[in-house]
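Record features, source Swiss-Prot:
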| type | residues | note |
| --- | --- | --- |
| MOTIF | 30-38 | motif ''HIGH' region' |
| BINDING | Asp95, Cys99, His100, His106 | Zn(2+) 1 binding site |
| BINDING | Cys177, Cys199 | Zn(2+) 2 binding site |
| MOTIF | 280-284 | motif ''KMSKS' region' |
Amino acid sequence: MVHWADYMAEKIIRERGDKEEYVVESGITPSGYVHIGNFREFFTAYIVGHALRDRGKRVRHIHMWDDYDRFRKVPKNVPPEWKEHLTKPVREVPDPWGCHESYADHFMSLFEEEISKLGIEADFLHASELYKSGEYAKEIRLALEKRDEIKAILDKYRERAKQPPLEDSWQPVMIYCPHCRKEAEFVSWDGEWKVSYKCPHCGAEGETDIREGNVKLRWRVDWPMRWAHFKVDFEPAGKDHLAAGSSYDTGKEIVEKVFGWKAPLTLMYEFVGIKGQKGKMSGSKGNVILLSDLYEVLEPGIIRFIYAKARPNKELRIDLGLGLLNLYDEFDRVERIYFGLEHAKNPEEEEELKRTYELSMPKLPERLVAQAPFRFLVTLVQMPHLDEDGIIRILQEQGHVPENLTDDDIERIKLRIRLAKNWVEKYAPDDVKFSLLERPPEIELRPEIREAMLEVAEWLEEHERFSVDELNNVIFDAAKKRGIPSKEWFKALYNIFIGKDRGPRLAPFLASLNREFVIKRLRLEG
């Protein structure tokens with residue numbers, strides 16, 4: 001099967017023709033934290049650009065910060081007095097936390113920092129700078145000249161949606177008051193470069209030159225204008241922008257009839273959420289998961305893998321609970337398939353999985369770097385007697401990583417150790433968490449179980465070195481020969497070590513503990 005990004009890249013080349021440079025675009029209004037749902041738009045544009053580059057094409061990925069949009073409402077996590085800044089450009093609203101030049105910069109800088117960890121580069125542009133520099137001045141004037149044509153297009157779609165037409169006073173632009181910087185009322189246009197305004201906030205009246213940057217195109221005109229200005233070939237969009245009669249439909253007509261360019265190809269991307277979290281994430285509401293939250297428990301390549309393997313038009317729910325362990329298992333399997341150490345069900349699946357891995361890695365490794373099983377690390381990081389070196393030693397003894405480790409191997413293992421610790425602290429359900437009991441609990445055990453425990457203890461005393469499989473067989477045989485049901489037997493063993501009825505896989509767990517400690521505990525001596 002062809003990966004969806006490759007399919008899109010081929011379609012772009014086929015429909016846009018052979019070009020010297022292809023332009024892909026993404027865009028976000030920094031009105032709140034840029035969350036993992038917003039990231040889907042950015043990554044979809046990036047990965048399609050990646051697929052184009054893999055075909056030898058030159059690609060420019062523009063990420064447009066729509067920081068000249070109005071500050072529409074005060075989020076819950078912002079002081080209420082920030083309402084005095086409503087309708088100003090978000091780039092000109094002060095940072096409530098006092099650490100950045102503006103409200104918008106606070107969110108933009110964090111996202112750009114997060115992106116760099118994923119090995120992704122893009123051309124970050126700021127709408128505020130483009131408008132203020134006069135870059136869009138000719139297009140603004142053109143939109144004013146063709147105001148009636150634009151209004152007719154918008155009204156046509158409004159009629160189809162059974163909505164009333166736009167008011168006769170409607171204009172394709174909005175104005176920021178040069179004095180107080182809040183949204184002013186449009187009065188008139190002189191037919192050339194000046195528009196008259198009246199500010200309902202500070203009372204100022206006058207003229208402003210389009211080239212001075214106080215005049216901004218409204219969204220449904222701004223978007224198609226950008227497509228033409230930057231010669232955009234591809235831009236993904238959320239389903240709200242791609243519904244019938246929405247901004248993509250109107251933009252498609254406006255860009256052709258007003259700005260003389262063909263609308264870019266697009267892909268609809270679906271909602272991204274966290275499994276178990278109700279409702280849609282909102283950067284202004286504050287109920288968001290950021291890329292930096294994912295970095296606490298996932299390798300960068302696995303974050304990219306989540307988005308690369310899922311078709312954009314499918315809803316994506318990231319499981320930070322037990323499902324995260326399955327995600328690590330899945331990624332490690334795909335990585336082994338890529339390096340030829342395992343095989344998929346069939347050649348088609350293998351080809352797609354290998355391609356997904358290529359698109360997932362910030363930098364493709366030349367070999368398989370040591371994979372410390374995340375599930376097992378979740379157990380090991382909860383053992384107080386093990387530091388990082390001790391954990392690595394256990395991994396080597398039990399055959400999970402090679403005896404001879406390179407710096408890259410050690411770096412990756414230590415990263416996973418830190419991620420496993422974070423996961424246990426932040427997301428692990430209670431039945432996964434445990435702590436070793438300092439002394440045996442006072443519980444009643446029937447004689448057969450005591451005998452089985454002593455048998456395992458004697459075997460351990462006779463064997464300084466052993467494999468996990470050997471220990472596993474001894475544990476099962478000791479119970480089987482005495483007719484002890486497995487459930488009862490394991491419950492007893494977990495209780496004497498961690499005081500719970502269930503726990504991590506028993507044989508690897510016991511093999512990770514000090515042998516003398518295990519022997520004494522099985523004898524209920526300490």
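Using N, Cα and C of the backbone, Cβ positions are placed for all residues, glycine too.
Here the features listed in Swiss-Prot are placed on the structure.
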| residue | record | contacts (Cβ under 8 Å, 6+ apart) |
| --- | --- | --- |
| Asp95 | Zn(2+) 1 binding site | Glu101, Ser102, Tyr103, Asp105, His106 |
| Cys99 | Zn(2+) 1 binding site | His106 |
| His100 | Zn(2+) 1 binding site | His106, Ser109 |
| Cys177 | Zn(2+) 2 binding site | Glu183, Ala184, Tyr197, Cys199, His201, Cys202, Ala204, Asn214 |
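Helix, strand and coil content of the motif ''HIGH' region' (30-38), in residues and according to DSSP, is 3 helix, 0 strand, 6 coil. Those residues of the chain, other than Asp95, Cys99, His100, His106, with a C-beta within 8 angstroms of the mean position of the Zn(2+) 1 site C-beta atoms are Pro96, Trp97, Gly98, Glu101, Ser102, Tyr103, Asp105, Ser109.
In the three-state DSSP scheme, His106 (Zn(2+) 1 binding site) is classed as helix. Taking all protein chains in view, 21 other C-beta atoms sit within 10 angstroms of the C-beta of His106 (Zn(2+) 1 binding site).
Cys199 (Zn(2+) 2 binding site): 20 other CB atoms within 10 A of its CB, across all protein chains.
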